[in-house]
């Protein structure tokens with residue numbers, strides 16, 4: 001009966017091999033924190049909850065209102081500012097982060113207050129609001145509870161710079177529909193338009209993507225029905241974006257202040273022009289870099305990724321011929337820094353021998369005025385990954401300099417490619433501390449269920465703290481969204497570091513890979529670690545304590561990770577696919593973790609006058625007052641008793657030409673997305689702002705996952721019991737057969 005024994009051994013070998021290969025997914029019921037303790041809200045929601053009824057929702061006006069057209073309301077740069085100490089530490093850090101966006105993308109600059117008569121003081125009042133233009137006194141911007149997000153702060157600063165909301169333009173009704181009967185009673189004034197005596201479009205088109213545009217559900221009665229929709233339905237998911245400035249926002253800002261230069265962008269090159277951005281070839285090297293286009297088979301640039309015929313250029317250094325150690329130099333023009341630190345970002349790929357090298361150098365002033373002193377900064381080695389990669393190199397130049405790329409051949413006989421460069425950006429900003437690239441993200445998104453997660457590598461900040469991010473491609477809490485969360489990791493420096501680690505600001509960014517950094521609309525979130533971040537899962541201990549004490553051990557990093565703290569609705573899948581977030585199907589995540597304890601006390605005494613919120617105009621009762629000779633109607637405000645006083649409702653006539661109530665005018669928001677129920681397997685459909693979100697059922701043995709509850713999975717413990725029980729029965733059966741087969745025949 002040797003064949004029976006062999007069969008048994010083979011069967012169980014295959015059985016246990018199969019069990020080891022089957023991925024048993026388990027969704028841990030851990031305590032999940034949300035950085036803002038709930039869903040991120042927009043300005044109108046925050047101000048409504050605070051009981052505020054302001055002009056256009058978030059603007060305070062003086063009695064003698066000056067409009068955007070008045071040149072006397074223009075600021076002189078840099079704008080003096082004060083961060084009041086009633087602001088939270090996280091809000092202060094977020095404001096400074098927003099300042100950097102203005103400096104990088106526009107001519108706007110800020111400086112600490114030093115006794116000037118005109119300045120902005122950022123304070124925490126109720127809600128998010130600002131005044132419009134320079135009032136020539138100290139004036140307020142409120143960053144209240146829930147307002148400490150980069151895009152919201154940028155929005156309020158744009159008001160202070162002189163901008164009203166996009167949908168207040170005179171020609172608004174040509175581009176969007178206002179559904180007056182869906183607006184909260186008494187808040188219709190927020191949707192008024194204003195004539196050219198108050199607002200100018202600066203000769204730019206209507207901008208659906210403007211940071212100053214209302215969101216579809218602003219001031220709505222019904223949570224699932226919008227108040228404003230685009231006449232081109234494709235823009236309904238775009239209006240009210242809260243990522244960053246749009247290209248037209250920046251164009252208007254530059255036109256208003258008659259400037260085009262930025263403060264922290266030193267150099268930028270996509271190699272689309274024949275002059276290769278003023279870069280020069282080395283004269284003492286062995287060969288040159290070649291300016292190539294994407295027309296050749298298999299050669300695709302990073303800027304356009306081969307999407308445009310006859311366009312898409314890059315620099316290439318071939319390493320497939322010649323001799324080992326032959327090199328080529330590519331040098332930038334001479335650059336003049338204003339700060340003491342720069343970040344050189346570029347995309348590169350190496351398709352030749354693993355021994356090929358790409359070296360970044362700087363050429364400095366030799367103290368005689370000649371830029372000739374060479375210093376090696378960083379080396380990149382060839383490998384088996386032939387994809388485009390992002391790189392960051394920290395430079396610390398205080399005088400004029402050039403940066404150089406040196407390509408060196410490693411083993412030409414075993415090379416079939418070379419070294420490629422594209423999309424170079426040099427800024428006077430810090431480089432991101434942690435950079436994580438998730439490749440083939442569309443496939444990752446398709447193959448993961450709600451709650452499945454990916455862990456980043458461990459990064460270290462300048463203090464020596466280990467940290468990382470957790471990516472949930474399909475957020476368990478918010479259907480159709482991606483979740484990102486932060487954690488600290490145990491590391492080699494833990495014994496000498498301070499625990500719990502508090503007052504460190506976390507900035508997580510999903511990179512919009514638009515080649516021009518000024519036009520990037522990356523998605524960023526911030527929070528600051530605090531002793532108030534505790535968890536019942538660890539006996540209400542601070543989650544930022546030493547990870548080896550309060551964290552969980554993970555074999556992939558051979559380290560302990562703390563509980564995650566993050567955002568369940570970091571960015572929607574729809575938005576991810578809209579811009580260049582997934583260029584080359586790569587999701588690129590930046591994460592920073594820096595000490596901002598020094599911002600604890602920032603308020604300074606002031607001189608002269610400062611506006612008080614109680615002395616300003618809110619949206620009051622309105623009277624139609626005809627302007628002589630214009631036939632236009634303007635609003636007359638009345639001063640309320642207090643800042644939070646509500647206003648009486650009024651009847652508002654509908655705008656003309658909004659169109660009949662037909663299907664082509666009413667987007668999907670107006671149809672109940674849960675009728676019919678799109679959820680499978682008895683899933684419950686919930687209408688979340690006009691979008692269907694499925695709540696999948698879960699039993700003792702099985703649970704359903706997927707965006708429509710279409711996938712069934714078995715709880716890991718039950719599956720183990722089933723497999724173990726089945727294996728036991730089979731083993732017992734074969735054992736009985738083997739015993740019976742060995743009994744002597746009569």
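Including glycine, each Cβ sits where the backbone N, Cα and C put it.
On a predicted model such as this, the values are computed, not experimentally measured, just so you know.
Annotation source Swiss-Prot lists Zn(2+) binding site at 155, 159, 165. For residue 155 (Zn(2+) binding site), the same-chain residues that are 6 or more apart in sequence and have a Cβ closer than 8 Å to its Cβ are 43, 58, 128, 211, 212, 242.
DSSP assigns residue 259 (disulfide bond) to coil in the three-state reduction, placing it in neither a helix nor a strand. Per Swiss-Prot, disulfide bond is recorded for 107-259 (among others).
Cβ contacts within 10 Å of residue 147 (disulfide bond), excluding its own Cβ and spanning all protein chains shown: 24. Here Swiss-Prot flags 128-147 (among others) as disulfide bond.
The secondary structure of residue 431 (disulfide bond), as reduced to three states from DSSP, is coil rather than helix or strand. For residue 431 (disulfide bond), applying a Cβ distance below 8 Å and a minimum sequence separation of six or more within one chain yields 343, 345, 392, 393, 394. According to Swiss-Prot, the disulfide bond annotation covers 269-431 (among others).
Following the DSSP three-state reduction, the secondary structure of residue 685 (disulfide bond) is strand. In this view, residue 685 (disulfide bond) is surrounded by 20 other Cβ atoms within 10 Å of its Cβ, with every protein chain counted. Residues or ranges marked as disulfide bond by Swiss-Prot: 674-685 (among others).
The local packing around residue 694 (disulfide bond), expressed as other Cβ atoms within 10 Å of its Cβ over all shown chains, amounts to 25. In this structure, residue 694 (disulfide bond) is part of a beta strand by DSSP. If you look up Swiss-Prot, you'll see 679-694 (among others) marked as disulfide bond.
The disulfide bond annotation in Swiss-Prot covers 696-709 (among others) and rests on sequence analysis.
For 140 (among others), the entry in Swiss-Prot reads N-linked glycosylation site, with the evidence type sequence analysis. A 10 Å cutoff on Cβ-Cβ distances gives residue 140 (N-linked glycosylation site) a total of 22 other Cβ atoms nearby, all chains included.
For the recorded site, residue 222 (N-linked glycosylation site), the DSSP three-state label reads coil. What Swiss-Prot records for 222 (among others) is N-linked glycosylation site.
Here Swiss-Prot flags 258 (among others) as N-linked glycosylation site. Note on residue 258 (N-linked glycosylation site): other Cβ atoms within 10 Å of its Cβ, all shown chains, come to 8.
Residue 414 (N-linked glycosylation site) has a Cβ environment of 12 other Cβ atoms inside 10 Å. The feature N-linked glycosylation site is assigned by Swiss-Prot to 414 (among others).
Swiss-Prot lists 440 (among others) with the feature N-linked glycosylation site. In sequence order, 585 constitute the residues six or more apart from residue 440 (N-linked glycosylation site) in its chain with CB-CB distances below 8 Å.
In the shown protein chains, 10 other C-beta atoms lie within 10 A of the C-beta of residue 447 (N-linked glycosylation site). Residue 447 (N-linked glycosylation site) falls within a helix when secondary structure is assigned with DSSP. The feature N-linked glycosylation site is assigned by Swiss-Prot to 447 (among others), with sequence analysis given as support.
Residues or ranges marked as N-linked glycosylation site in Swiss-Prot: 539 (among others). Annotation for residue 539 (N-linked glycosylation site): no same-chain Cβ neighbours under 8 Å separated by at least 6 residues are found.
Positions annotated as region 'Disordered' by Swiss-Prot: 642-663.
The signal peptide annotation in Swiss-Prot covers 1-21.
Taking the C-alpha positions, the distance from residue 107 (disulfide bond) to residue 258 (N-linked glycosylation site) comes to 9 Å.
DSSP assigns residue 414 (N-linked glycosylation site) to a helical segment in the three-state reduction.
Residue 159 (Zn(2+) binding site) falls within a helical segment according to DSSP.
The average pLDDT computed for the topological domain 'Cytoplasmic' (741-746) is 58. A straight line from the CA of residue 709 (disulfide bond) to the CA of residue 679 (disulfide bond) spans 6 Å. Restricting the disulfide-bonded residues 269, 679, 685 to those with a CA within 10 Å of the CA of residue 696 (disulfide bond) leaves 679, 685, listed by sequence position. For the recorded site, residue 128 (disulfide bond), the DSSP three-state label reads strand.
The separation of residue 258 (N-linked glycosylation site) from residue 165 (Zn(2+) binding site), Cα to Cα, is 21 Å.
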